[in-house]
Amino acid sequence: MTHAITLHDITKSYDGFTAVDEFSLEVQRGTVFGLLGPNGAGKTTLIKILTTLMRPTLGDAFVEGHSVLTAGKEVRRMIGVVPQENNLDRYLTARENLALHAKLHGMRPAAYNPRIDELLDMTGLAARQYDFPDTFSGGMQRRLVVARALVHEPRVLFLDEPTTGLDPQSRRSLWDHIRGLRRSMTVFLTTHYMDEADALCDRIMIMDHGKTLADGTAGELKDAFSRAHTYQVEFRRDADRYQGVLAGLPFVKGVERDGSLFQITLADEESIKPLMDHLTGPDIRRICLKEPTLEDVFISLTGEKVRE
Amino acid sequence: MFKGAFSIWGRDMLVLRRSIISELVSVIAYPLTLYLAFGFGLKGYITDVNGVPYPLFIAPGLISMTAVNAAFDESSWSMWFHRKVQRTIEEYRVTPVTVYDIVIGKIFSGFSQGAVKGTVVFLVILLLTPFRIEYAHLPMYLLCIALSSMTFSCLGTICGTVIDKPENIGRVQSVVIVPLIFMAGIFFPLSSYPPSILPLIQLLPTTAVFEGARDALLTGAIPSQYLVNLVLSAALCFTIAVYTFNRKMAE
Ligand SMILES: Nc1ncnc2c1ncn2[C@@H]1O[C@H](COP(=O)(O)OP(=O)(O)OP(=O)(O)O)[C@@H](O)[C@H]1O
Ligand SMILES: [Mg+2]
């Protein structure tokens, strides 16, 4: 068995509203898997199902071969969880937070104390270990939550938007930790940052409305969407006239204008020739093919509208 | 078995230890005020109740009241706080402990708060007033306090589990808990009630708590009717609390 996580047709409805819709997935052991999607796409719901906090309405999921429905305790033995919102105990010191977690995993002081020392060093919190978390900055609290999820050396680590609210330095250092974990454990993370997914994930899945929209490595996703053929054209003159012309062409799928700079999305590769027939050489200052970013892929899949 | 419950209870006791002084000051102030106000203020008017001097008549009830109030308070607010504010319950739930560990750990924390605070009020009343007891009667009294703290801790746990808005916990306290306590004859003998409603009052779990505690302390025995009531209430509330929490977590 090489799959750390398997989902079979998982559906989750909240009285009538379907947050996750017949979702299936297999995540390879030792990889970093990234789940992307706009607000309300169903990412947190999926993580809650996989970490046994919530039961799916239909379907079953397996973590390291254990069913979340029938072997919740075995699943929880395997996993570390960093929830979307920090849930530290503000009446316990940083160190006590980690120690309580270790005890709930049945660890003995002789086993958890050295491990906690190591994690406090790794997250740069050693000097503040006897302080209470509500005296910490947001980034320090986040690192403490990550350290807590690692105390018992989980086989699968779930991170729900681990770097939201962190400064660039803290984000990079957290990325380094996550990269260091790859291979020794499977990492399942959600994020809103395309650069994060690009930098960390071996495989990326984009979801919306509880369904998968795209799946692959960052490179594959960008490749697949470069077939969308977006060209940037900058005009010297007559931009207004060209806007009308472009809008009337059947093979032009989309036009975005910013002054004299146009982003033109074509239906297919062949359409570049008829496009050129409608443009007069001297009117064009610059024309180039636009390399898609992961963000373009994301926007083109999930739309531009802000979610309620 | 229940190692997780023990760890969660241990966490609560660690936190209690840290703030024990300020907790105790506030918890002692209330029953002590009542004791002084009623015990001394009314002493001239009520010399004794059924042959028991009035301060001695109310003291066991005040101690029990402190214990059950503390148990209810701790269980309800702590469960609510850990569930809705700090969301630590969610952190516990992604470790191998079960929901039974969590709810049992929490119930015992409430119980322990009740026991600790009841004991301290007992010692303070003993120290500051002429209230004296027969030490041979103590075990029965403690049994009574333990069973009632258990019941109230479970009731608190149920409230903290099903109630999402904090103001509603406050309402339950003032509409249900306080009347239950004051109707149960801490300050007056049950014989003051009209005979028509007396049987109803005698069925209240709080009546068993306060009458039982007083009888235990004064005579060394809990009347069997109250003992049965206490045991059944504790068992029933425990079952309901565990069931309710389990249901809530499965949502
Ligand atoms: N307890 C709940 N009751 C009812 N609806 C809910 C509940 N939790 C989530 N939802 C709904 O389910 C959908 C998916 O929510 P979810 O939290 O999984 O989204 P998400 O992808 O994590 O979003 P975000 O990026 O904002 O964190 C949303 O439309 C949300 O309103
Ligand atoms: Mg989310």
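Heads up, the Cβ atoms here are built off N, Cα and C, so glycines get one too.
Curation does not apply to TrEMBL; its annotations are automatic.
If you check TrEMBL, you get these features:
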- B:22-248: domain 'ABC transmembrane type-2' (DOMAIN)
- B:20-42: transmembrane segment (TRANSMEM)
- B:54-72: transmembrane segment (TRANSMEM)
- B:114-133: transmembrane segment (TRANSMEM)
- B:139-163: transmembrane segment (TRANSMEM)
- B:175-193: transmembrane segment (TRANSMEM)
- B:226-245: transmembrane segment (TRANSMEM)
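Counting residues 6+ beyond its ends, the transmembrane segment (B:226-245) has Cβ neighbours under 8 Å at 99-100, 102-104, 107, 144, 147-148, 150-151, 154-155, 157-158, 161-162, 203, 205, 207-209, 211-212, 215 in the same chain. Outside the transmembrane segment (B:175-193) by six or more residues, the chain places 38, 49-50, 57-58, 61-62, 64-65, 68-69, 72, 152, 155, 201-202, 204-207, 209-211 with a CB less than 8 A from a CB of the stretch. Within the chain, the transmembrane segment (B:114-133) has long-range Cβ neighbours (under 8 A, six or more residues past its boundaries) at 16, 23-24, 27-28, 31-32, 35, 39, 55-56, 59, 62-64, 66-71, 74, 141, 145-146, 148-149, 152-153, 217.
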